[in-house]
Every structure is written in C-alpha cells, then in structure tokens.
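Q: To start, I am sharing the structure in question, which I have written as structure tokens.
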Amino acid sequence: MIYYPFILLSAYLLGSVQCLYFHIGETERKCFIEEIPDETTVVSHYKVELFDVRTGGFTPPTPGIGMNVEVKDPDMKIILSRVYSFEGKISFTSHIPGEHIICLYSNTTAWIGGTQLRVHLDIQVGDQAIDYAQVAQKEKLSDLQLRIRQLVEQVEQIIKEQSYQRFREERFRQTSESTHQRVFWWSLSQLFILLVMGFWQMRHLKSFFEAKKLV
C-alpha cells in the first residue's frame, strides 16, 4: 500500500523540520511530494529503528536492514534509485521545477514478520542543505566571508523561489485558459445538439400530422 502525505512547503519551512518520523511495515511504501525549484539541492538525513517486542520500544536494526529510496521528477522520470543502510544521508539536485516524489520502503519483505520500523527523516532544501561549517573549513573563509556567502546563497534561493512561483502562475493560467476553452466548446456542442434535436422533432411531428391527415 502506498501513502502520499502531501508536504508542500517552501525551502525555508522545510529547513525548520527537524523531528519528522513515521512508521512503516515491511510491505509498505511512504512517499512525500515536495515542490522544488529547478537546480536546487535537496538533502535528507534519515535513521531507521526496529520495533523491539520485548521492550516495546524502537532500537537500531541489525546489519543488512536498509531502505530503498526512489525519487521522481515532475515528468515521473526516476532521478534517484538506490538502496541505503539503516542510517545516512540522501542527496539529489532537481533539474526541472515542480513536484518531486520521494519514496522510501524497506529493502526486504521477510525479515521482520510484520513488525514496524520507525523512520526519522529531516528534509532540507536549497541553502538549508548546505553545511556552511564544512564550506568555511574547506575554503578557509573568515566569519565575515562565510556570512556573505550565506547571504548570497539565500538571495539565489529567493530568486529561484520567485522564478518557480512565476512558473506555477503561468502553468495555472494555461490550465485555466484550457479549461475555459473546453467549457466553451462543450456548451457550444450542447447548443448545437439541442438545435438539431429540436429541428428533428419538428420534422417528425410534421410528418406525423401529415400522415394522420391532421394538417
């Protein structure tokens, strides 16, 4: 069974999500739909825990247990499909704007006999996905230079968000115009059918009265 919790948040709101977790069984799949601008980096940190019947809590699973991760772009093309371990980081970059589907499911179907897993997930988009401490260490940036770098990244992300909102507005306008055009032609078709039916009924009644010699 596939579940689609619709988490349609902006990059900055997603950056504040820290403690999201969900339960998943051995035959279940969890999918998240994220609206992402183009050329935007998405990083997801996750951790899987196995339900322990003896303690009634969740504990780290045994080696070999992992998660299949599949990411599809708005055109339903798979841009990431990989098996990960029970804890790690998922990273990909969007190439077209729109709704991306991120699906997670267990890498086997016979090892826990229906026992649940708990998956902790933290999704970060855009500049929220950048580890600035690592950037500063790698490029040897001062505090001021690092702050400027952060501001530049944030401005670029805002520009991408604005571009994506324009893209959504244009797509909505095209959909509205297409719907309006279809309604217009459907109404015109109905009117034409009514006129044809009225004309046919008048001809039929005239022929009936002539056959009965009433006219």
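Note that Cβ sites are derived from N, Cα and C of the backbone, with glycine treated the same way.
Automatic, uncurated: that is what TrEMBL annotation is.
From a predicted model like this one, the values you see are computed outputs, not experimental measurements.
Annotation source TrEMBL lists signal peptide at 1-19. Among the features that TrEMBL reports, domain 'GOLD' is placed at 29-125. Under the heading coiled coil, TrEMBL lists 134-161. What TrEMBL lists as transmembrane segment is 183-200.
Looking at the shown structure, can you explain where the listed features end up?
A: Secondary structure of the domain 'GOLD' (29-125), assigned with DSSP and counted as helix (H, G, I), strand (E, B) and coil, comes to 0 helix, 61 strand, 36 coil.
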Q: Could you tell me what the rest of the chain brings near the transmembrane segment (183-200), counting residues at least six beyond its ends with Cβ under 8 Å?
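A: Residues: none.
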Q: Could you pull the average pLDDT for the coiled coil (134-161)?
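A: The answer is 79, the mean pLDDT of the model over that range.
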